[in-house]
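Below is one structure, written out as structure tokens; comments come after it.
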Amino acid sequence: MTNKISFRDIINRKDWENPVITNWHRLPIHTEMNYSKSLNEDKQKTIQSLNGNWCFSYFSKVTDVPENWADRDLTKSNIMPVPSNWQLHGYDQPIYSNVAYPFPANPPYLPEENPTACYSRIFQLNDDWLQSGQNHVIFNGVGSAFHLWLNGQWIGYSEDSRLPAEFDLTKYLKSGKNRISVMVLRWSKGSYFEDQDMWRMSGIFRDVEVKHLPATYLQDYQLQTDLDDDLDQAKITIKAQVAGKNFSQNKLRTRLYFANEKVADQSSRLSTRAVDERGPLDNQFIAELNLKDPYLWSAELPYLYQLVIELLTDDGDILQVEKVNIGVRKVEIKNGLLKLNGKPLLIRGTNKHEFDSKKGYAVDEETMIQDIKAMKRNNFNAVRCSHYPNNRRWYELCDQYGLYVVDEANIETHGMVPMNRLTNDPVYLPLMSDRVTRMVTRDRNHPSIIIWSLGNESGYGRNHAALYNWIKQSDLSRPVQYEGGGANTAVTDIIVPMYARVEQDQIESVNSKWSLKKWIGLPGETRPLILCEYAHDMGNSLGGFGKYWQAFHKYPRLQGGFIWDWVDQGLLKKDVNGNDFYAYGGDFKDQPNDRQFCLDGLLFPDRTPKPAMHEVKYWQQYYLFNLQRNPLGQAESFTVTNDYSFKKSSNERLHYQIKSENEIVIDKYIDLVLNPGESLLIKLPKGRSSTSSLLDIDISLIKGNSWAPSGFKIASEQYVLAKKFGPTNAVTAATNKISLIENKDTNTFEIKLDDQKWQFAKNSGLLVSWSKSGNENLLDALRDQFTRAPLDNDIGVSKVDHIDPNAWYERWKSAGMYNLKTNLVSIDAEQLERAVLIRTEHSYSNHFQILFKSSKIYRIDANGTMTVTVDVSLAQGIPFPARIGLTCHLADQITDVSYTGLGPFENYPDRQSAAQYGHWQMELDDLYTPYIFPSENGSRGQVSQLEFGKQKISAYHEQNFSFNLSRFSKQQLARISHRNLLQAENGVWLSIDGYRMGVGGDDSWSPSVAPEYLLSNNYYHYAFQWCRKDI
């Protein structure tokens, strides 16, 4: 199409609704190029950035854009930074949606209200650039479609938010000032293919730059590394295409360096190798470099060679130089296993959106490096670019630091009914082909990319089959994966289910999810299985994570998975008081929205880790431990195994300690020298005290590396050798007199001991007062509790207008557990010689149905210790409760807490493998986990002793407990929608639980707490002792 087209014709033509038009005049995509003229030339000599402030005008629909907008006076315009999303700068609104389209779905058509923004800026190029060669502008990310003008001349059009759009400006540039103008539409028919679970935002959100190309230049090049079966001979093939003028006599010189030393080189002319019976490509160079005993790239050892490619004239003058880091490695599926360099991989992966809480899609390099270092420090080795190609710099960093990458096409039609409505329609094949073939062409030279993905949640259509075949013919070096259509269709080389469970089948009318164990055993199924999504970390989650890793280690064809997902997508926003808070769906009055479903990362939006990250790091660690005991059960030795596939232990120091209750008995260090898969047996010294309780082991880096400092802990383990630390439960001999009084004025049983007083209300049977020297300890009575402030996993998919009756929260509410009627069955008191006993029995009912019965014995001894013994029975058929415990509101002004139990971080019964038993001290506020959507949080389990303020609580008869101490009541946590709205209450809320349900986390939309972590018994017993420390 000619460039001479009026603005009105562009508006009327509606390219953004034409299903077969994806671009006008956009240049073919290629691998990243710098077009340098010498080996050490500064990039700024061939690349000019157009990032910065652009003039900006916003319109609610494209038909409102004035015809002369590109010629308007820029001094009267608003300013918009590039890169950015305009919704984060006061225009329009972000929309968070998981599945539903943010507009009426009628492909390829779009609503008239289609927000449109017009960007303009002035730039000036070096006059030398205008004398010869070409000048191209590259927009690396624009959502969702745009038209481009230069100096009033229409240049072209492009779609696909996540891949570069390059245009030739050469003919329309002038000396001096040039005006570039871009009209960006929020929605296009491409938006039907960009229905990912994310904030929907728009704008120019990646770099914009102008590049100067020589008159004759390298148009693209493709690298291919081949290894022989012994992996000691490598061939690197470079296929380069040249474009421009008079290139028939040009030469290509390739040189390969490792650690600044040249290891191979070759010069070549245009290839005469025939492609088919009609002959060779007339613009292709082919070079082959051979290596003996190459250093092989892996995520563990990311060895990179530097390849220098020079385009030369016939006389040897340099026209263009490109430098690129390359990795030599071999990816294959063999014998049912995904292998790298001949060894099976175990994918320790995470999904990752491009997201920044302040900048939206505009993620900068500093944040990318921060993410990669955090991944490496927490034992990740892989990342899935969910669900679109990332910024080009991301792949370079993954090459450098060492991460395996699944590169995913920008295709998701989750909101279509059926899901494959578009992907099965040949009309949309060109659009889909654009997104797949351009991704592969741009990114194929990165060693970190080991798998291509056809997209996400788009059903299974004929177009997928066509694109799968294209990739398999175009790139022989990588497998292809795709989950849509059931995770095991003909267009995936790997079974890639979402949220399949280890042992439980999930039967659906279409595309059932088999258990992992069943899937790999299906008749005729020989492919490896890697979960493309699992372990949904929404809020307080990731319970049962270890079951997956036990299965991964047991069954070779279960080769890991990608956790959902990396970082909470909470956008920083100001509340009515001007304070920052993290917003989720609906906070911008966005419709439709999926509320807090965007808060499902391992990191909070500020990229601080959630407690669940400890569990992930533990199960993904590269060193495995095993304790050996003799027939008498005594620990004699332990082994440590190097679970790396390629990396020898040479920079790791093992440290182990054996601790008794009061001292460190043994403290030793060993510098490890272990080959991959090799184990070391470490014998424990004999003659240890029989009271030695714990064996603590950790492995740390001796020297710092690219992602962690010296001394950084990469693996840990703890074994209980004997009885755990804890109180003896011995009652101190008491001489003080304790008395029981029935106070008719207050209708209480009153126990007095020196200046302490306990009061039990006769009409409620509750401990309603505990004072010392007239200072009250309780603000509210000590009560049974069976519920928790609901987790996201408890709520499931329930909404105000859509209730999921299967969700735990709905079950608990339907059973009346949040509104139980308490009935005192009996209360009696007994004076003993050195103690007072209070016995109570309560029933808890809903609509005359008794759900729980609780019997308690309070023994208050003359030494001031109150022993509480509780027996709870559950009615048949009621929903399993969240907890069996007691709670009260304390008057103490607590600042510090110490306890002996699992810690130091938050842990729950199904998420405590990483927690270690010990004595922990912290501030009260450090017990709180600031989940953006408030819920139950802050638990510490397996506690034998707890001290706070002037209080001490101890386990009784070796039955440990869990506790919470919080400035927020359970009721407030359940009621408030955002953490910034929580109000610290007077005093502190204490929960002491004998039993707690797990948190679950296989997914967040169906009950996922494993049976062994449910409170499914009909009877529970627990006890503890409570006293003041200042008696």
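Glycine too: its Cβ is placed from the backbone N, Cα and C atoms.
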For the Na(+) site that Swiss-Prot describes with F597, D600, which of these is also annotated: D168, D195, D197, D1002?
D197
Matching residue for the substrate site, where Swiss-Prot names D197, E457, E533, Y534, A535, H536, D600, W1005 - out of N85, N98, N705:
N98
Express the distance between the Cα positions of N593 (Mg(2+) 2 binding site) and E457 (substrate binding site) as a whole number of Å.
19
Translate the DSSP assignment of H414 (Mg(2+) 1 binding site) into the three-state scheme.
coil
Once E412, H414, E457 are set aside, which residues in the chain still have Cβ within 8 Å of the Cβ centroid of the Mg(2+) 1 site?
V99, D195, Q196, D197, H387, T413, G415, M419, G455, N456, S458, G484
Shortest C-alpha distance to N98 (substrate binding site) - which of the recorded positions H353, H414, D600:
H414
Among the binding-site residues listed here (Y534, F597, W1005), identify the one with the smallest other-Cβ count within 10 Å.
W1005
Please identify, from the recorded positions E457, E533, D600, the residue with the sparsest Cβ neighbourhood, meaning fewest other Cβ atoms within 10 angstroms.
E457
Least surrounded among the binding-site residues, given as N98, N593, when other CB atoms within 10 Å are counted:
N98
Give the number of CB atoms, excluding that of H353 (site 'Transition state stabilizer') itself, located within 10 Å of its CB.
22
Could you state the CA-to-CA distance between Y534 (substrate binding site) and D600 (Na(+) binding site) to the nearest Å?
12
